[in-house]
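What Swiss-Prot records for ASN12, LYS14 is substrate binding site. Marked as region 'IgE-binding' by Swiss-Prot on the basis of experimental evidence: 16-30, 166-180, 205-219. What Swiss-Prot records for HIS95 is active site, electrophile, and it gives sequence analysis as the kind of evidence. Sequence annotations record features per position, and here Swiss-Prot assigns active site, proton acceptor to GLU165 based on sequence analysis.
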Amino acid sequence: MANQRKFFVGGNWKMNGDRAGIDSIISFMKGPLSADTEVVVGCPQCYLMYTREHLPSNIGVAAQNCYKVAKGAFTGEISPSMIKDCGCEWVILGHSERRNVFNEPDTLISEKVGHALEAGLKVIPCIGEKLEERESNRTEEVVFAQMKALVPNISDWSRVVIAYEPVWAIGTGKTATPEQAQEVHAKLRQWLRDNVNAEVADSTRIIYGGSVTPGNCKELAKTGDIDGFLVGGASLKPDFVQIINARD
């Protein structure tokens, strides 16, 4: 089934960039990019409109976070409807930095995912274990618990791309080997089969995040259950194009 799931590469700019930097990214994002890869970039919220207006229409634009309700007294937050009003159709939710720096629990992330889907956005929910959890053989326990929290609020799986990002491999230069990453992706797909249904398991894209580079992307892309990448720092550099074209 892997070849029936369109390859997906997301770029997460995090809290980086200004208009001049975005202009340079837009310049190298003109490609050539593989037509067989869906590409989405997640920019800081103040640049959502600027990025959407200047990027080619075949590249999606995502917010990096949103809140769980449409409007109200929630200073500093943005809603899915605001993201849509900026012309964007994606949001990244539950990134490890939201979980670990801002202490967002599974329940809140799940509520955010649910509201974003109800509002018509497409969602990239992120899951993943810390180094101490992997070293104590708790990877499955942790990622399955994160998935279990998400599932009740997912109303439309066709608008969901799951990002598995082992926290110990984010920005550290450490990368899960293709075998390590494939093993977790296969177990996540089996979990979907057992806890949702076979159709969702076969059709849902599960992408990998964690120090993806031009040097390791092709080997990761060859595995059967890795359907793409969520890329951090490398998405700010021209090398990002090589990652987008990893299956070429």
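Using N, Cα and C of the backbone, Cβ positions are placed for all residues, glycine too.
Feature map: annotations from Swiss-Prot on the structure.
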residue : record                       : Cβ neighbours (10 Å)
ASN12   : substrate binding site       : 26
LYS14   : substrate binding site       : 18
HIS95   : active site, electrophile    : 29
GLU165  : active site, proton acceptor : 26
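Only residues 6 or more beyond the boundaries of the region 'IgE-binding' (166-180), in the same chain, are considered here, and those with a CB under 8 A from a CB of the stretch are 96, 100, 128-131, 134, 139, 208-213, 216, 219-220, 222-223, 226, 232-233.
The DSSP secondary structure for the residue listed as 'active site, proton acceptor' is coil.
Residues in the region 'IgE-binding' (205-219) partition by DSSP class (helix H, G, I; strand E, B; coil) as 3 helix, 4 strand, 8 coil.
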